[in-house]
């Protein structure tokens, strides 16, 4: 009998089954291609309405001829984009990335294929082969504007970038004004063609002001360039305000269009400028939060009538810490993350302190547990980090800045970047009293691990606890535990070669003091 092979889960073989001809939708190359298509789409959105409205009336070089090369290039880009979409992965409704070519083709055909196909029809090749083009072809090219629907699909991707959303909204507003300027010009042309005896249309008025009037409603008139600028000026002034009257609606059709423009302008104010206001507020939200907390701090100082010196210290500490962390509390921010992810983040943030020799013997699991107990602190010049006689709650690692260790106004040590201060851990869980003051000389950035957290980790990893207890004496730049300098461990053994007792006096002092006080006492044995 044949034994059935165990089925391999789909996610296990997904990477193996992916063909090298499949393009990942989240790859950098696909993102760059999407930006190129976005620029091409905006190009189409600008040129197509302009060519439909103004090209038939331009007596100079036709716009369709002047942009023939760029138009064909854009068509080639759209056709290439269709081909790439048949080979680009997508995310299914269940949240899985689909790599199968057949599934990708079916998904694309049933979603955006026909929109992209219609938008990519090569109308401009008719110009390349000198085929007579009617105005109907220009109107057919407006279906390319359907590509803008793809932009709506990707707005969620850009929504996290405030500056990008702001740029897109302003571009959409300018694009709408451009489209309405094209329609405004077409209305003016139709009014000239249908009402030859009337000379009250906006194009007639513009021609008279520019001293290029229409003759028999067919010849003369302002240039296409002047007409477009005047039309764009009118639509922008109508969308953003109520217009200034120097370009105004005179006929019924023009007045109806002006009414629609004002209604659309009111809607655009609500949508575009409302979003712009929200985006700008979001961009400056951190600054607003800073001012709010600063005002709360000043109110607190005023209500409790704190002395000037204490007030100055509080304000200086707040301003300095804000400049360092920008008001972000890392512990609160990472609180809801899974423990595994938080440990990886903490390992990265605290890599400097975890690379100390005292932690070299710790396993990766021990280091991850230690990293979750490491916090950050900050000291401003003149502030005391530790006072003599206080309970020591943590061991401190100096990331930057300079501190001094003081005892009875005498400087015992100067601490700098990379120094470790604190205490070894006594055998019993007794309160550790400090034997000196620690005062900041400059702005100091510190990392610390609490004594309680350190004990908890060492209880979980007893094999490392013995190593830590032995190594911590050699790694502390200064031991702050009260009584550590008075402890003397006497090791007595028989020296076989010299026939004498050796007493090693080992003091738990800083290394520079320890080296000066380490003595060897040789005594002749009694006979």
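Just so you know, the numbers here start at 1 and follow the chain as drawn.
Each residue, glycine too, has its Cβ placed from N, Cα and C.
Feature transmembrane segment, per TrEMBL, maps to range 121-140 of the set 101-120, 121-140, 141-160.
Here TrEMBL gives transmembrane segment for one range in the set 161-187, 188-214: that range is 161-187. Range 256-280 is the one annotated as transmembrane segment, of 256-280, 281-305 (source: TrEMBL). TrEMBL lists transmembrane segment for one of the ranges 74-95, 228-249, 316-337, namely 228-249.
Residues of the same chain lying 6 or more positions beyond the ends of the transmembrane segment (161-187) and with a Cβ under 8 Å from any Cβ of it are 42, 45-46, 49-50, 52-54, 155, 202-203, 227-228, 231-232, 234-236, 239, 253-254, 257, 261, 264, 268, 272, 275-276, 279-280, 282-283. As a summary of secondary structure, the domain 'Cyclic nucleotide-binding' (358-458) carries 20 helix, 44 strand, 37 coil according to DSSP.
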